[in-house]
């Protein structure tokens, strides 16, 4: 930990630039004889398609990759400095999710807006999302973790809305999937000309921010002591980063990873001062995207468009992140605000009893009441179709809530959720490979493939975790890297327009449609087993958040307890993912809601979280089956609709006023 | 009993009865041919219409008019929601006798089989073969299944006649390479290549597909517009609908304006036709192709 690369940021950027240049020259030589290069770039012969392609496709694409990479690198550096969080990245603010949603809505309901300009629509959406994030974290003076948490909640909400639009209008939104994948393909210089002056302005703005940001690297209190308005500096840096991200996502689409990787690599390579970090991050971002895009063009050939560069940056970037993790000096701040949320409840048992009653009532409603051609009806006849879905949702809710609660207590990180563990991503990988490699496969084969994927991810994670003494932050980062790879794969498949990708979309958004009686039974058994194991885990969970030294002093071997807790969490996640897909918002939500009810000790909090998880999922499943009849909204999406506003409200509420 | 059941021909009935007795004896085939048919696929649903057994319910009925257009789906056909998540409670209540599906929906198979007899038809799969001949076979099989053999043969003949007529009408264009695309946004198209229904129809009508590149499972590729520069002598036909800003953005693009078919004015708009359909879509597409190219000079 903390070892530095021998080469400085300069050699890093230079080396990568040389590689990118070599690839560009080689690719260009294949497309046009070198003798014609000058002609093609200066004044191409309109009747020579090769020259026109070099002038209006190859060259602007190269320029755009440099500009977008630079913009994202700078945005990432600004965010990481402003939030003092090495994991902050432009997507953290929800800008790309907001832009994506705005574009989808415009395509469906206001196509006239697109004629005005796609980038403006996208930027407006991104800006609204970012303002929402800042608004939600304003009362906490934009504290770094709150901003990232709010960003994630807003991203989830926008993502859920866009996914629903895509499910109901799959034919219309095919173009959006390309955009979501971040395609750099160009037919003229419009985008490059659009970006150049704006990036120059942003660099100027960043130069003005160097001094305030340098002071911000001190502790908040010290910075304030020096007469600085901490929120104001942060806001300025955030605004600049949002504008940069908005420009990029509005013109070429979502290219997520550069903004995270470039500033992190620059730090590892030894850049310390604020000015150096901003400058080298910009350059490294530009070179990284240039290299990635040239590799995509070179390797993919005809399939270049089916592999959008934005998705490939994530595929290449995730292993890079895995390599970076042991080298980053990570001190994730302890959770502020959310942890100190509510007064301790006087009668936890009463709360648990009320939650249980509510859950039972909801299950009854879900089985008996439905909507059909003749409207609402109460009947037992259709229970045969309803119970596997209702019980699968119930079990998944319980499992995810237990897993999320365990993770959050274990890591002391309020953003931990089963999705972050990477096990969901592993299961999803298995399923995707099965669907695309073995054409037509049944449910049993799907389950088998997903299980295998989840197991492999779990084993990989445990192997990596052993190397670093199972430090919870490391494990979470490994999970984030795996999740990013999975997202990239799905995005690439969506962008290719393969209709089979829709099946994945259904599963990913948490549909209970495919749940069989066997699925529901297996998941319920797992859920009850987890509930039974909670009292055994609860003592550890009360102690572990106190930190390694204290828990060691209390007679708890930190490695063993961590490993047992990890395996338990992974197993719970795997079963839930198989049933209801990798969208595990409930795992994040339920433990927070339980804490806000005033349940603070591990056991009552986890039991309440499990009940809340069950309530959320059963309600979501029932609502999803009836609200849009005969269409069905996946339970994962509906849970997000219910849960997100609740979490936003909790975030925005002033604590300890 | 719905009216359509009375239109059974005697010969069809006899043939159906014979095939039941000889080939597939069993309680499920013992009665009359199924009249309450549900289709989860647009291609199979559009084939049911000319066979005289309109489906009682189809998936995504509300988007039929946008994507298939013709033949029109009669009013009153129940909407089952998304194909990959057809509403099971509704399907159960409708008490169908036969559910038509495709290998794409294979995971639903066991569940659907609990409601009614389920038959899967493979039109778009990666195995050797292309959609048009597969559609002919599937039409024949479907006709046999619902006791409409002669109507099925009539549809097959009508489709072959439409192809031949279009080929004759477009004789002056014979061998012309044509790009057939849908615009995804201002920078990307979906181009239909080998193993697509459109490719089969273009070949049957005497045209050549200008796209020789790789295609995916369903017979198309999503590519940047610059990839179309490979065949400057081609024509380009784009299928509507098209997003509001695409044509304006293209008009400003020097590369687009330098492409051979753009400079020569060989770019044509075509009303929507279902790209993943069967014989009725093939016939509609051939008709549209004839109308689109009829006015165009043969060697522009």
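Cβ from N, Cα, C; glycine included.
Quick look at what TrEMBL annotates:
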TRANSMEM  A:62-83  transmembrane segment
TRANSMEM  A:95-114  transmembrane segment
TRANSMEM  A:120-138  transmembrane segment
TRANSMEM  A:238-262  transmembrane segment
TRANSMEM  A:274-291  transmembrane segment
TRANSMEM  A:311-328  transmembrane segment
TRANSMEM  A:390-408  transmembrane segment
TRANSMEM  A:444-463  transmembrane segment
TRANSMEM  A:513-533  transmembrane segment
TRANSMEM  A:540-558  transmembrane segment
TRANSMEM  A:602-623  transmembrane segment
TRANSMEM  A:629-652  transmembrane segment
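Contact count against the transmembrane segment (A:62-83) (Cβ pairs under 8 Å) is highest for A:274-291, out of A:274-291, A:390-408, A:513-533, A:629-652. By the Cβ criterion (distance under 8 Å, sequence gap of 6 or more), the transmembrane segment (A:274-291) is not counted as touching the transmembrane segment (A:390-408), fewer than 3 such pairs being found. Outside the transmembrane segment (A:238-262) by six or more residues, the chain places 64, 68-69, 71-79, 82, 87-91, 93, 95-96, 99-100, 118-123, 126-127, 130, 134, 142, 147, 178-184, 191, 194-195, 198-199, 202, 205-206, 209, 281-282, 284-285, 288-289, 308-310, 313-314, 316-318, 320-321, 324, 484, 491 with a CB less than 8 A from a CB of the stretch.
Counting C-beta pairs under 8 angstroms (sequence separation of 6 or more), the transmembrane segment (A:629-652) reaches the transmembrane segment (A:120-138) with 3 or more such pairs.
By the Cβ criterion (under 8 Å, sequence separation of 6 or more), the transmembrane segment (A:390-408) is in contact with the transmembrane segment (A:602-623), since 3+ such pairs are found. Within the chain carrying the transmembrane segment (A:602-623), a Cβ under 8 angstroms from the stretch's Cβ atoms is held by residues 348, 351-352, 355-356, 358-359, 362-363, 365-366, 369, 389-390, 393-394, 396-402, 404-406, 409, 512, 527, 530-531, 534-535, 537-539, 541-542, 580, 586-587, 589-591, 593-595, 633, 635-639, 641-643, all 6 or more beyond its ends. Through the fold, the transmembrane segment (A:513-533) approaches residues 387-389, 391-396, 398-399, 402, 443, 447, 506-507, 568, 571-572, 575-576, 578-580, 607, 610, 632, 634 of its own chain, all at least 6 residues removed from its boundaries and within a Cβ separation under 8 Å.
Cβ atoms under 8 Å from those of the transmembrane segment (A:120-138) belong to residues 93-103, 105-106, 113-114, 146-147, 149-151, 153-155, 158, 231, 235, 238, 242, 245-247, 249-250, 648, 651-652 of the same chain, restricted to positions at least 6 beyond its ends.
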